[in-house]
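What follows is one structure encoded as structure tokens, with my remarks underneath.
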Amino acid sequence: MMLRSFPSFSISSSSVASRRNGGGALHLRRRNVVMNNASPEANGNNRTAILDVVFEPFEEVKKELLLVPSLPQASLARHKFSDSSEAAINEQINVEYNVSYVYHAMYAYFDRDNVALKGLAKFFKESSEEERMHAEKLMEYQNKRGGKVKLQSMMMPISDYDHLEKGDALYAMELALSLEKLTNEKLLNLHRVADQNNDVQLTDFVESEFLEEQVESIKKISEYVAQLRRVGRGHGIVIFWLLSMFFFSSNRSSFN
């Protein structure tokens, strides 16, 4: 019986050559990345098979297994989350709760029977609830990243907001504007800490959930301050409240 000769193949060490049991045809499994060789080989072939990089999950995950804590009190979800970022989030939680506490005191003041500015009372009550929601959102994110929420003490807010020169409405609204700007400063500091730690996830969270909304709040309350300065004290406050019932429709800015 005559044996057929097969043409010779030059393959890399990683290529696999095999013969079928019954057919005798040579099958080669080669990598699919081919690049031109700068120096042509003697046989005229200027194309060389280049091995591509293969993702081997069981090899690469070995170093990640070292990052999984074995202690029961340690967080399993924590990854690329610095201690300074954790501390900055806890500080921001405290800021949001304190501002919410002050707004709640303002709500109680304007809801008194001898003050009876129901529109302002409603506005500050909604503002207080919003700041508390911000604090809870930060707490949820802290737990998501594997940090520990550490609530801090809060300052007792004042209970009376009447001012001899400005009156209670303007004084309270100017105080609210100052608090919103202070909150914005604290949020920018949180963003700065995240950026310094190359924590792109925390950076995105602060940008998407807080910064834009904070700028809008500052703009809106600034308009309220300007309007209250125009109308003055006394009957002007009532006019401001009545006009706000028609022109402000968002949840936070509605005084009706």
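Cβ coordinates are placed from backbone N, Cα and C, and glycine is handled just like the others.
Just so you know, TrEMBL annotations are computer predictions that nobody has curated.
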Candidate sharing the Fe cation site with Glu131, His134, Glu180, Gln214 (per TrEMBL), from Glu91, Glu96, Glu165
Glu96
Would you mind telling me which of 1-23, 24-46 TrEMBL tags as region 'Disordered'?
1-23
Taking only same-chain residues 6+ apart in sequence, whose CB is under 8 Å from that of Gln214 (Fe cation binding site), what do you get?
Glu180, Thr183, Asn184, Leu187
Listed in sequence order, residues with CB under 8 A of Glu96 (Fe cation binding site) and six or more positions away:
Glu131, Arg132, His134, Ala135, Leu138, Thr183
Other residues, Cβ within 8 Å of Glu96, Glu131, His134, Glu180, Gln214 Cβ centroid (Fe cation site)
Val95, Val99, Ser100, Glu130, Thr183, Leu187, Phe210, Ser217
In all the protein chains shown, the tally of other Cβ atoms within 10 Å of the Cβ of His134 (Fe cation binding site) is 23
